[in-house]
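Below you'll find the structure, written out as structure tokens, and then a few comments.
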Amino acid sequence: MSNITVCSRFRPLSSKEKINHGDNVCVHGIDAETFVFKDEKEEDFSFSFDRVFYEKSEQAEVYEFLALPIVRDAVNAINGTIITYGQTGAGKTYSMEGPSILECDEKKQGLLQRAANGLFECIKSTEGAVKHTIKLSMVEIYMEKVRDLFDLSKDNIQIKESRVQGIFLSGVTEIAISDHAEALQILSSGIANRAVGETQMNMASSRSHCIYIFTVQQELAKEKRVKCGKLVLVDLAGSEKVEKTGAEGRVLEEAKTINRSLSALGNVINALTCGSSGKANHIPYRDSKLTRILQDALGGNSRTALLCCCSPSSSDAPESLSTLRFGTRAQHIKASPHARCKEDYTKNHEASHATKYESRERILNKMRERMKLEDVKLLEELFILEGIFFDANSVEELEQAFEDVTMQTISSLHQAVEDLVCTTEELKHENKALKARLAAAERLNGLQTEAVENGNANVLQKISDLLSQFVSWVRSLSAFKMPK
């Protein structure tokens, strides 16, 4: 087993940072792997990673060290994942895409363009392959929904799991690409559909996590095998502090969702690295869509690299320190990826198609034995509508379908509870107001009775004053707007 590769990258100071804070930086490089970081309290912290890319590092350096070995492995049927992580405006999307996916010189091209080109270059040098296919998918996780960026009508793609494929996106669009130039054109169309917004820290801040999936398949005629590997690149949305970004309205809600999913990612990293040795502990992959999709990458079934992007400015020291600590924890994750080959692919593929219908019928027949016919028909329609695939030989698929329905039910119950709490609070406010009015009326009635019995002018004056107060109070109460 090996650890995942973790690197850090510091972007140059922005013009705004230079104007507001001068040329002060919070990082002092020691060598290519170690540096000293100074926080806002002037306290020094030493960090070491597999590689540190400082302000003057070139895009090619990052690709060749971090990504190229994973690209080569993907062609050799070993799944690989590359993740960019850091606060908003730290240079994640620049590292991934460069200034533009299409219109930028070769020197500034990001990991995405170089990886697409690298896949085709590696395939050319592969011996024994008679046919190859590269397919590209692209999704974003926006407000905890997985959206297909090549087909916007697919705005809630379900995450599935099987023994053969591992984690996969059910029904996601896959586009076959024939060369590097075509790949960039297709990527450009998907990126244009991505959710972005303006904040005080970033003119084009990513409002979603973006995931690029290259599936590489090669047929080896002599060995009657098919090699199949996946290369996944993940451009995470940045963590945000509202007081710095000035987010409000819809952008604020997006920021909350982003921060929750990044928190879930941190919890998964902690569970993977802080568990007691020899004892299995629960890993909360299902706490967010992001961690569920990254389950193979973080759980050891993929060769994984993490690029921690940071600002060198002293004004961003707390956020950069948090990013670096995240990277330090991630260094302890163990990985044991293996090649994925299918023996006698044609025969197995045809057999799986032949048994798919039979498997479905066996499951439905078992349901008919214990359930009413109309209930079975309704379930069948719902399963087809949701795109749930059943494999009678895989208990995991049935469990996954059950868990999906369970999670949807829990989510609906949570919403119902929130609505009930809101209604209860409104009723409490109304009840309090009614009690106050009733108490005032009782006091007024008592004073009136006292005035009649005693004929006391002072009591009448008290009544008059109380009536004035009561009228003012009722007017203010009617102007009060209950919180929704």
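The backbone N, Cα and C atoms fix where each Cβ goes, glycine too.
Keep in mind it's a predicted model, so treat the numbers as computed, not measured.
Pulled from TrEMBL:
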type    : residues                                               : note
DOMAIN  : 3-333                                                  : domain 'Kinesin motor'
BINDING : Gly86, Gln87, Thr88, Gly89, Ala90, Gly91, Lys92, Thr93 : ATP binding site
COILED  : 417-444                                                : coiled coil
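A map of TrEMBL features onto the structure.
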residue: Gly86; record: ATP binding site; Cβ within 10 Å: 28
residue: Gln87; record: ATP binding site; Cβ within 10 Å: 25
residue: Thr88; record: ATP binding site; Cβ within 10 Å: 25
residue: Gly89; record: ATP binding site; Cβ within 10 Å: 27
residue: Ala90; record: ATP binding site; Cβ within 10 Å: 27
residue: Gly91; record: ATP binding site; Cβ within 10 Å: 20
residue: Lys92; record: ATP binding site; Cβ within 10 Å: 26
residue: Thr93; record: ATP binding site; Cβ within 10 Å: 27
